[in-house]
């Protein structure tokens, strides 16, 4: 699993797309375009606003859809925040925020096979993640984003810092990244990115993913 993480470049966070009812087709398209890791994150989504929070059984059902799609495309499937859901869904990856479960507690729940990542938002958090127990970390937001309302964006300076201190540990730039902004992110030193709307809001998710992946691979 660690070798797959090392080669991963494009990480997608998607909601359950309940208001559209097209999660399976969307996931297949995005993964066919080159997404390496696909994460279910429904918090703050249009579906949540319309239908309410995703209940555990429904979250597991959505996880099964993404897990099946990821397996078909030799990609990895991630769960956000919930170590119990990650274990039940046999997720490849669990992603934690700074205020979620401690990494050692989460790993005790998921078991050793599940990779664990963490969000970082300042230099101290980046430095801690670079030498800590997480398998990867995310750096940002690079720009303000509606998926994290009210959060100050540390910007590309934090990306530059991560590029200097991360060493061999995989890390991903995150927050407001799209095809237009990607060159700036690459110039700051990132070689892996997390995106949301750049693919979820695209008319052609496969094409959007393929364009991003092509630029990422060209920068290696």
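Keep in mind that glycine also has a Cβ here, set from the backbone N, Cα and C atoms.
As written in Swiss-Prot, here are the features:
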BINDING   39, 40, 41, 42, 43, 80, 119, 148  4-amino-2-methyl-5-(diphosphooxymethyl)pyrimidine binding site
BINDING   81, 100  Mg(2+) binding site
Intrachain C-beta neighbours of residue 100 (Mg(2+) binding site), sequence separation six or more, cut-off 8 angstroms: 81, 106
Residue with minimal Cβ packing [other Cβ atoms within 10 Å] among the binding-site residues 41, 43: 43
Cβ neighbours of residue 81 (Mg(2+) binding site) where a neighbour is any other Cβ within 10 Å: 17
Fewest Cβ neighbours within 10 Å, where candidates are the binding-site residues 40, 42, 119: 42
Around the Cβ of residue 80 (4-amino-2-methyl-5-(diphosphooxymethyl)pyrimidine binding site), the count of other Cβ atoms that are within 10 Å: 22
Long-range Cβ environment of residue 39 (4-amino-2-methyl-5-(diphosphooxymethyl)pyrimidine binding site), under 8 Å and at least 6 residues apart: 11, 12, 13, 14, 77, 78, 79, 80, 93, 95
Residue 41 (4-amino-2-methyl-5-(diphosphooxymethyl)pyrimidine binding site): secondary structure state under DSSP, collapsed to three categories: coil
DSSP-derived structure type at residue 100 (Mg(2+) binding site), helix or strand or else coil: coil
